[in-house]
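Over in TrEMBL, the protein carries these features:
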- 21-42: compositional bias 'Low complexity' (COMPBIAS)
- 43-55: compositional bias 'Polar residues' (COMPBIAS)
- 1-61: region 'Disordered' (REGION)
- 81-123: region 'Disordered' (REGION)
- 184-201: transmembrane segment (TRANSMEM)
- 213-230: transmembrane segment (TRANSMEM)
- 236-259: transmembrane segment (TRANSMEM)
- 271-294: transmembrane segment (TRANSMEM)
- 310-331: transmembrane segment (TRANSMEM)
- 408-429: transmembrane segment (TRANSMEM)
- 486-504: transmembrane segment (TRANSMEM)
- 511-531: transmembrane segment (TRANSMEM)
- 537-558: transmembrane segment (TRANSMEM)
- 570-593: transmembrane segment (TRANSMEM)
- 599-618: transmembrane segment (TRANSMEM)
Amino acid sequence: MVEGDSGKSKSESYNVEAGLQPNYNQNNAAAGAGNAAHNPNNSPSLTGSNSNSTHIDNRAIIQPYSLGTGAKQPEYQFAADNRGYEPEPNTNGKQQDVERVGAGGAGDSSDEDAKHKTPLPPPNRPIVANFERAIELCEYGKFHYILLAICGLVSTSEEMDVISMSFILPSAECDLDLDTGTKGWLNSIIFIGMMVGAYFWGSIADSFGRKKILIVISFMNALCIVASSFSQSYGYFMLFRFLNGAALGGSGPVIWSYFAEFQPKAKRGSMLSFMAAFWTFGNLFVAGLAWLIIPTQVGFISEYFTYNSWRIFLLVCSFPSFLVGFLLFYLPESPKFLLTRGKKDKALAIFRGIYVTNTKKKPEDYMVYDLEVDEKLSTESAVGFKGKYKRMISGMVDHSRDLFKSPILRFTLVSITINFTFHIGYYGLMMWFPEVFNRYEEYEKSHPDQPADICAVTDYVVDQLQKESHNGTCNSDIPQSVFMESLITLASALPANLFAILGMDLLGRRFFLIAGTLTAGICSALMYMVRSSVQNLIVSAVFSGAISAANAALDCLITEVFPTKLRATGVAISMVAARLGGIIGNIVIAQLLDNFCPVPTFIVSFLLIGGGLMCLLLPNTTRKELN
């Protein structure tokens, strides 16, 4: 998958966490440190007097973990020996001048450059760089696309787990004895778990790193899905869906922080929008799976145990989570996070590995020999943490407190409000689309060629359910057209996501958020005016496309607005508000639809439009540095 040399013997093993590589030059250790290496142009040379060239294990960082197998654990160095990048001492005993970002020279980033967003020219000698300059000099290529594929698959699996319930509800109605109220709670329990998990995992990720947390929650998520598919009662099913949500709660804030921290500012908006498109892929994939599996008669039913088609569908939905759990081992820790912990050597090793993977050049060609670190952040990170559990608790408390202090307080409150209002509409309607499609099918089957609004359809279906309950009968068969309409609705998000990918860095985050929520809000109000399943499908499809583009913009904006030290926690708290909105949307909106139609459609319309306009209170983060 990546480039590397073959100088290591077959009996040796290596560990490449955060760019660490073993030193295979054991024979040189006794003779002294380092040997001469190729010195292009003005780049500093390796120190030392040994005439043999130093062997640098040049494997790029996308490698799995491995334990040493020799009698003695090999000495670990960074992917490229840092001594080879130190400036060469001159005759006066002083180091040669180097270019520093923001300190003049070829690597300087002036206010005029920033104003016009002109990219800096590549330096002609190794420099001391900040994060933005260092990741820019890695160039953009193979590593970033592999990162996008793996992180995108995390988002795909997360959305599959959330949306899968909307397809299960009509099918599980008889097995779990569901009515509108219990359906609302089943839709909502995963959001309750996500609300709890988001804050917990996000705070831990800001203390211990992004990658390890993502691996843990991916496997936890997959196992909980499998357990829920075997649950035979409503209570156990609710329990495992809650635990499933607790794992998913960490996935969202952590994966977005992790992915953003590898992106140069010129491409961050478009790539975050691209990753948001994986939510659409997850929607389409889960809709297609539901169409293929649920209508079939696969599985078996006995007096004591039932494992029918909708349970098999749920089991299949767990496979992507297992897959990403293994794939994440092949990625490094976030270099931005490592810099906030004062670990600039590990961060620099990762940058070199990214450079090698993207360019297929030698690590010594990477024009950064040292990284700028915010000494205040690194000091704060290193003080007061004597044990990992104390560090975890202290980190959670400190990060939460900092989010509610000026000047971050305004960002936190606006972010919470936008996410709350947005997700009432997003999940309050999107999660119920298959149910609404099914209701229209039932009504039109009994009343062919007779137009009716959503309220008349709902009254008819609720009345039929009450009759079936009194008669002791239950019918959970779902017409094929319901799955087809769901797939069309979710597929409408694809062109909207493509537009967001192409235009996010040109038109800006706030443009897409306001335009998307305004369009979705109008569609929500129009749902009261539709008179047939076809009209309902058209309005639902436009709603899905608009809300998806707005969601991509919201993910970009919320990810970028918080500083690195607080990013995962800030996004997590925003996600807590989002999950609370999802809970209210699924429970309250459903009950209002059955009892006070058409009030919920206008409530959702007002909340979406109002929440979208609140983004004007946040700073413009388009093509800006990540801190």
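Glycine too: its Cβ is placed from the backbone N, Cα and C atoms.
All annotation found in TrEMBL is predicted automatically rather than curated by experts.
Using the rule of three or more Cβ pairs under 8 Å, pairs at least 6 apart in sequence, the transmembrane segment (537-558) is not in contact with the transmembrane segment (184-201).
With pairs at least 6 apart in sequence, the transmembrane segment (271-294) and the transmembrane segment (310-331) have 3 or more Cβ pairs within the 8 Å limit; the two touch. Touching of the transmembrane segment (271-294) and the transmembrane segment (408-429) is ruled out by the presence of fewer than three CB pairs under 8 A, sequence neighbours closer than 6 excluded. Under the criterion of 3 or more C-beta pairs below 8 Å, with sequence separation of 6 or more, the transmembrane segment (486-504) and the transmembrane segment (408-429) do not qualify as touching, having fewer than 3 such pairs. Taking Cβ pairs closer than 8 Å, the transmembrane segment (599-618) reaches residues 410-411, 414-415, 417-418, 420-422, 424-425, 428-429, 454, 509-510, 513-514, 516-518, 520-522, 524-525, 527-528, 547, 550, 554, 557, 561, 585, 588-589, 592-593 in its own chain, all 6 or more past its ends. The transmembrane segment (236-259) makes contact with the transmembrane segment (570-593), as judged by at least three Cβ pairs under 8 Å among residues 6 or more apart in sequence. Long-range contacts of the transmembrane segment (511-531) within the same chain, counting only residues at least 6 positions beyond its ends with a Cβ under 8 Å from a Cβ of the stretch, are 422, 425, 429, 451-455, 496, 500, 503-504, 539-540, 542-543, 546-554, 557, 598, 601-602, 604-609, 611-613, 615-616.
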